[in-house]
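J.: According to TrEMBL, the record shows the following:
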- C:69-279: domain 'ABC transmembrane type-1' (DOMAIN)
- C:12-31: transmembrane segment (TRANSMEM)
- C:73-94: transmembrane segment (TRANSMEM)
- C:106-126: transmembrane segment (TRANSMEM)
- C:166-187: transmembrane segment (TRANSMEM)
- C:199-220: transmembrane segment (TRANSMEM)
- C:260-279: transmembrane segment (TRANSMEM)
Amino acid sequence: MKRAREPLTKLIYTLLAVLPAAALALPIVLTLTNSLMTEREIGSNYDWLGKMGDVAKGQQDAFVNLKLLPDWLSFGQYAQLLLRAPVYLHQFWNSVGLSAPIVAGQTAVAALAAYAFAKLKFKGRDKLFLVYLMAMLMPFQVTLVPNYLIAGKLGLLNSWAAIIGPGIFGAFGVFMLRQFMAHIPAAYAEAARMDGAGHGVIFRRIVLPLAKPGLAALIVLLFADQWNMVEQPLIFLEDAFKQPLSVELSRINEQARGVGFAASVLYMIPMALLFLYAEAYLVQGIEQSGIKG
Amino acid sequence: MRKTQVLLAGSLLTISLAACSGGGDGGQTPASSAPATKGSAPSPSSSSAVTEPAIASPASDGESKTIVFQTYQYNEEFAAAIKNYEALHPNITIKLNSLAKGEEDLNGLGLEKFRQTTSTQLLAGQGPDLIDVDWLPTDRYAGKNILTDLGAAMASDPSFHKEDYFDNIIEPVGSEGEITSIPMSFFMQTLVGDQEAIEKSGVSFDDKSWNWDEFAEAGRQLVAKGGHEDAYVFKSPINLLYQMVQANLPALVDAERKEAHFDSDLFIGMLNGIRKMEEDKVVTFDISKLRDGDVFFQDLTIDSPEGYLTRMRDIQYPKKKLYYAPKADGQDPGGYFTTYDKLAINAHSKVQAEAWDFLKYLMSDPALTPVFGLPINRTVYEKQVDQLLEAGQYTVEEDGSGRGGTFPVTKADLQPLDDMLSGAAHPLDSLPGTIEQALFEETPAFFSGQKTAETVAKLIQNKATTYLNE
Amino acid sequence: MNRRGALLRDGRAALLFLAPSALGFGLFYLVPFGMGVWYSFTDRTGSGSFAGLENYREVLASASFRQAAANSLLFTGIGVPLLIALSLLLALLLNRSLYLRQTLRTVYALPLVVPVASVALVWQIFFDWNGTLNAWRHALHLGRIDWLQSDGSLWVLLLMYLWKNIGYDVILFLAALQAIPASYYETARIEGAGKVRQLLHVTLVYVTPAMVFVVLISVVNSFKVFREAYLLEGDYPYGRIYMLQHYMNNLFLSLDVQKLSAAAVLMVGSIVLLASFLLRAERKFRDNLE
């Protein structure tokens, strides 16, 4: 806290962080600026992707034209997207409808389970945890067929429940929160226990507040994962109008790269907003959460 | 510790229960699929005391049934045929599931959905009853009891008359074992030659057995004798290579020993050979020559009797003759064809008999003249021919070139086509999809001069080897 | 002893806390997992019968599986340590007082949200035969390289992986850094520890629990790079980047679920081995603290 007071040090460290950030941002900037180009400009820039100039017949070498700034600003892609292709908008809300319950549900369910794994001692705890881990690691190609059978038995096929159900009970949150809760110093809980608090109280009053950075991180990462889901909805949801936008945006349409860019930009906005919001919690240290060790 | 054991035992129990029920699902057509698994299909004459409705006479008992028919792309002909069929069989409902719903599948999402969904359903022992398998790797389904053996169904169904169909297409030479899919239509691939110029040149060849080297040699001689600038015009070097690879498949892919030989002199020779042929004017890829070309041969894709007449009329030779495309050494004689809309029946379908009946209908409905290609049903084809002959004329639409008009047609005009169809023997799509794709993706770099033949050959070799060893 | 006894009596509470998760998890994950394992011992889907280790024998005999496993191991072996080192450094940096700190943090998180197709398209623009990279090489009179069809493809894929996941790990590390009580640093300072010692003995030590998670999730995410690779190069990419995911996806489309499951069990088994090693190390570490 004291050490970065010197503006020069602070500047140097800032520059150190800016350089990789610039590299990371490049593809995003590219997406953003390309979304403001006309389809024609995009066509002329990227026409050579995946094609071969016929050198054997004396044709010239051709390359794509990487351009960061559009010749002139055009919002045509966005107009196309919002006005002429309502399915995109519809699928955008599907994405919200699918992701939100999964994130909320998994966070709640996982917080409870993680408390048990991290703060309670019971027989077979570590082995059970390993079982969670194993099941989480199984590639989806293997679990797809059993999941399909189960969803069929439960009558969930072609409904959002087939996605949301498994989403809520994913082990990712359990695993992550367990790691965060495990190292909340035992002394905090011990003190409360001395005062006669039960596990419900300790969980609610002590562990949850202390795990806030972990919870914030979980929500952000979980949302990012769900927001980009592709495989499950592709198979479990038959109707295109039930599918999230991520499925549509999972493949390149060479005829309409521009609209794809614009859709991607719109699609990034909610996540960016969520991150800006969660960021405050993410960096909220233990000292700020009201409990001193 | 005990608690863990109980817990684990409990979960194992659920597991095995689930596994059983999963298995049960697969075998829930026990009557048909248990004894009938391999090579029995819906054995129509099945006299065995099975509780299911007799397979040869489906749905006569009036019980209403639903057949799910899954295709990648929506096809209006199928939709129309379904309507007709449902009108004839009021107790049958057919649900057409096209995963690229009507629209064009520009980004390939529909195809991915079709492949993933269909695979999942088939593995779950559920899913569609009738499937368009054109886009599925059925070459890898063998021995897994996924698709019904239609060969057995055809053999044992007294109402199915093999001679009514192009059985040389359904069961081409060299194909062994089960027939798991039947194409609804096909295209013939042949050559048309300038008979007069060829005869005048005195160059002799036997197109029934010639291989690509002999073809190239004949082409060289023809060009040397003069009369035409190039010997042969073809769509693209890649398509030509594809035909050569098809012809030489046994020498390039040994599925049994899991070996590929795309790094061999044979394949590299093909790549360089095509370029050499172009240099020698044996072949040109300038497609503007396709119609009025100053060439001895051009290739002809035949999709219908009328299409055949129209294309032939288009070609401006004084005398035209059909020739067989070159083959590999030792390959059986016969012409090349490609198939379209291959349909298969799910081995776990609960309405196999009904699906088979509908499939038969699709194969024989004269109203269902395939838009793409020649019908698999010989009688339907003959009907098309009869109609043409009855009318005694056919119309070529005016396209601004002054070639349109109405022209007479006689039986003699169609005789070469008849012969060609009877001589069809070699499917042009027996190359595993993966290798085909590698071929189409990697070789343009060679033909455009960007990569060497050896580099390209090595890339294809690696992919083919990976595929064969999975 | 007294405390230990008290904790062992948590059984009933544990049941309550675990119940919601365990029920859903059992249904949607454990049962499918068990069925997958069962498939790996059968000879045919559905009505299959027990086939012993036949599928495992076949998988291990498959040259393509061995190639895919080696590639995945190489990729994960290079990618995960690199990713973790970089993101930990960046997290430490972002945890300081910086100008534009909030903006910077957001930028690092952004790659997480870009839809796959957009990402793949951008990578294509750079690495295509006619792409920007080759345009630069051409300007320097160097020959073109078919990046994704050369041994360099592994590095291209690593770059994609790092780009996509660095924000992921940075977020995790940032959260972990916040969880270290400030009092620990104070104690260290009072004991006369310098900045380096504080980093080594407080920061790195207390980040360890999160590290276990970060390592495993980075391994899991290293398999997810398949989606981008698949979009760019299809089912059969260049040999160097033919990963376990390709192998398994191809087996799936071939409806060869038995071999697929066997391959998956082998893969999961190896990761679990790594995980239990990490968890044991973590437990030791925790016991040392208490």
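Backbone N, Cα and C atoms are what each Cβ position is placed from, and that goes for glycine too.
Note that TrEMBL annotation is computational and uncurated.
Help me see these features in their spatial surroundings.
T.: Listed as Cβ neighbours of the transmembrane segment (C:166-187) (distance under 8 Å, sequence separation of 6 or more from its ends, same chain) are residues 83-84, 86-88, 90-92, 94-95, 105, 108-112, 198, 202-203, 206-207, 209-211, 213-214, 217-218, 221.
Distant neighbours of the transmembrane segment (C:199-220): 76, 79-80, 83-84, 87-88, 92, 165, 168-169, 172-173, 175-177, 179-180, 184-185, 188, 193, 271, 274-275, 278-279, 281-282, 285-286; these residues of the same chain sit at least 6 beyond its ends, with a Cβ under 8 Å from one of its Cβ atoms.
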J.: By a Cβ-Cβ criterion of under 8 Å, what residues six or more beyond either terminus of the transmembrane segment (C:73-94) are in contact with it?
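T.: Same-chain contacts beyond the flanks: 101, 104-105, 108, 154, 157-158, 161-162, 165-166, 168-170, 172-174, 177, 199, 203, 207, 211, 214-215, 218-219, 222, 225, 241, 243.
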J.: Grab the same-chain neighbours of the transmembrane segment (C:106-126) for me: Cβ-Cβ under 8 Å, and only residues 6 or more beyond its ends, written as numbers and ranges.
T.: 90, 94, 132-133, 156, 160, 163-168, 170-171, 227-228, 231-232
J.: Is the transmembrane segment (C:260-279) packed against any residues at least 6 beyond its ends, judged by a Cβ distance under 8 Å, and which are they?
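T.: Same-chain contacts beyond the ends: 36-37, 39-40, 55-56, 58-60, 65, 69, 72, 212, 215-216, 219-220, 244, 247-248, 251-252.
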